[in-house]
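Working notes, beginning with the structure itself.
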Amino acid sequence: MSETAVNVISFISEKYVYFEYIPACVGTFLNVFHLIILSQKSMRTSSINAVMIGIAICDFLNMVYILYNSTSYFVAAQPECINSASYLKTILGVLVIGLRDICRRLTSWLGVLLATIRLIIVKSTLNPKLNKISKPFFGRNISLICLILSILISAFYFGCFRFKPSEIPWIPADHCSGYPSNYSEVQFQPEFSSVFMLDPETASKIFYITDGASKITSAILLPILTIFLIIELNLARKTISVAQLRNPSNSSKTDNTTKLVIFMTITFVIADGPIGVISLAQGILAEKNMMKPLMTLSMILSILGIFITLNSSIHCIICLVASSPYRETVKSLFCCQKDDSNTVISKT
């Protein structure tokens with residue numbers, strides 16, 4: 001890659017925080033609304049919705065990270081009167097980055113889980129042994145297992161950090177008010193150390209390769225699952241049973257749920273595909289100690305974060321468009337509805 005291209009990528013990655021802030025504000029509001037709807041009793045009826053609650057929580061935390069990161073960047077842009085490298089702020093910064101790493105990975109896994117559960121439910125409608133897969137407790141338990149695994153992977157990298165005092169103290173500028181004369185504070189910087197009896201280099205390599213492999217696996221599985229879901233949806237439309245003729249609304253609800261999962265899965269493919277490829281490349285470059293290309297890929301990865309931001313923001317809209325139970329819950333929660341015995345409400 002040419003030096004000019006690297007400079008352009010570096011410039012965009014530095015200014016990217018300005019473009020991400022407004023979508024993150026909108027996304028935070030939408031995800032709060034989304035969580036309120038999904039947490040209602042009428043929505044907590046299936047494993048699909050249980051997994052979607054997990055995705056919504058990850059989306060919300062991702063938005064919170066972006067707002068925190070943007071605010072920290074704006075403050076650090078003029079650090080004359082604020083010590084942005086204090087012990088508390090340094091630890092908080094690493095913790096927030098680690099939390100986002102866990103949530104990003106977990107969101108991809110839950111997207112795969114969402115499509116897998118729906119595919120199993122559609123294909124095993126007549127198998128009573130698999131009915132438990134559709135229950136809310138199954139979605140909660142499998143989401144918790146994914147969370148624990150994601151935390152363990154992140155621990156290989158973020159567990160290596162130790163916080164060392166810098167030799168250069170922070171001194172407020174002369175125009176800063178509220179500080180006594182000759183005032184200074186200690187600055188801290190994170191550095192790698194051993195973790196789980198592994199040296200920092202080995203631990204970071206394990207993290208990059210494992211994380212990249214998990215992301216690229218998600219990127220491969222998601223389009224495959226999407227294709228299978230579309231095939232099953234078409235088969236379900238062609239197969240008209242006697243029960244469906246007696247109660248066509250059940251068939252419609254099944255189609256709507258499958259469509260919802262398909263739309264959600266497509267957004268994950270678009271958001272996570274490129275990031276998975278780059279994450280895997282980071283692990284390969286780290287193995288070969290190619291630090292300059294590794295830094296370039298890290299900058300590209302931060303730019304591609306806009307897809308994560310947009311993906312985290314539109315799940316609420318997808319549910320509102322594709323899910324009739326979701327719309328009914330919104331109406332019952334936010335709209336004043338008058339009971340009228342002479343009025344027949346048809347669900348769509």
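Glycine is treated like the rest: Cβ placed from N, Cα and C.
The structure displayed is predicted, hence computed values, not measured ones.
Mean per-residue pLDDT, taken over the domain 'G-protein coupled receptors family 1 profile' (30-319), amounts to 79. Residues or ranges marked as domain 'G-protein coupled receptors family 1 profile' in TrEMBL: 30-319.
Positions annotated as transmembrane segment by TrEMBL: 16-38 (among others).
Taken from TrEMBL, the feature transmembrane segment covers 50-68 (among others). Taking Cβ pairs closer than 8 Å, the transmembrane segment (50-68) reaches residues 20-21, 24-25, 27-28, 31-32, 34-35, 38-39, 44, 96-97, 99-100, 103-104, 106-107, 110-111, 113-114, 117, 136-140, 142-143, 146-147, 264, 308-309, 311-313, 315-316, 319 in its own chain, all 6 or more past its ends.
Residues annotated as transmembrane segment in TrEMBL: 138-159 (among others).
According to TrEMBL, the feature transmembrane segment maps to 216-236 (among others).
Under the heading transmembrane segment, TrEMBL lists 260-285 (among others).
Under the heading transmembrane segment, TrEMBL lists 297-322 (among others).
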